[in-house]
Each structure stands twice: as structure tokens, then as C-alpha cells.
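Colleague: So Swiss-Prot lists these for the protein:
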type	residues	note
BINDING	H107, H111, D117	Zn(2+) binding site
Amino acid sequence: MAVLYTTLDSKFPSINRKITTRWIKQILIDYNKRAGDITCIFCSNDEILRINNFYLNHDCYTDIITFDYSKGDIISGDLFIALDMIKYNSMKYNVNYFEELYRVIIHGILHLCGFNDKLIKDIKVMREGENRALEKIRS
């Protein structure tokens, strides 16, 4: 099983795929999960809006849309990541672009692991998971 990276209508971000894949797999192990087929699909705001409208009936931009195909402890899914929104949010929150990109990637991975972020208590747990994961990619 593999973690794959592709783009739809955006330039590929300059991340080290090997390190990123190793990091994702380590986070999955931390949650007693295994990697199935996971695809990170980098796209524009226009594309994420189209996907959001078509599949979720939401008429708004977002930084990530996660489609979960997991079965049991084997984690599989597609992560559509809007690079325009990553750039916007990194400036808005005054954080490094790549830190924001990795936060969004792991946010999608945590969704695939069963994390939610609709309720305030769930958002707190999600943020804690993101922060723990980001510590690992920094080291």
C-alpha cells in the first residue's frame, strides 16, 4: 500500500515525499492504524470549491476535503488540498507555509483515523493530534 502525491491544477509543492510518507505512516502507527492507499491531491481554490459543491453541497472554500475509504485499521482515502487556501491561511495566522501545509495534511489523516471536528471538544482533540504530529515532522 502507498501514499501517493499528485496535482490537479496547481504546481506541486516542494515537499520531500519520502519524509512526508514516512511521517504519515508513523502517525498512523501511533494510532494503531496501517496505511492503505492514501492520495494527497494538491489543487486550487477553484477546484476545491467545485469538489465541495458537487460532492458535499457546500458553496464555500476550504483548505481540505477528505474522502475516507478506510476499512478497519487499514487507512485509505483521498485528501484534496487547496494550496491557495494554505497560502492564505499561513499569512492570516502568521505561520510558515509548509507548517500550514503539513498541518492540513495531518488534519486529513486524522479524519481518516476517525477524528472529527464539528464540536468544540472534538476540535480540541483534533488540534492536539495535529500539534503532536507536527512535533514529529519538525524533529
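Every residue gets a Cβ built from N, Cα and C, even glycine.
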Colleague: Would you count the other CB atoms within 10 A of the CB of H111 (Zn(2+) binding site), including those on all shown protein chains?
Modeller: 21
Colleague: Around the Zn(2+) site (H107, H111, D117), what further same-chain residues have their C-beta within 8 angstroms of the site's C-beta centre?
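Modeller: For the Zn(2+) site the neighbour list reads I64, T66, G108, L110, F115, N116, M126.
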Colleague: Return one of helix, strand or coil for D117 (Zn(2+) binding site), based on DSSP.
Modeller: coil
Colleague: Fewest other CB within 10 angstroms, which one of the binding-site residues H107, D117?
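Modeller: It is D117 that, of the binding-site residues H107, D117, has the fewest other Cβ atoms within 10 Å.
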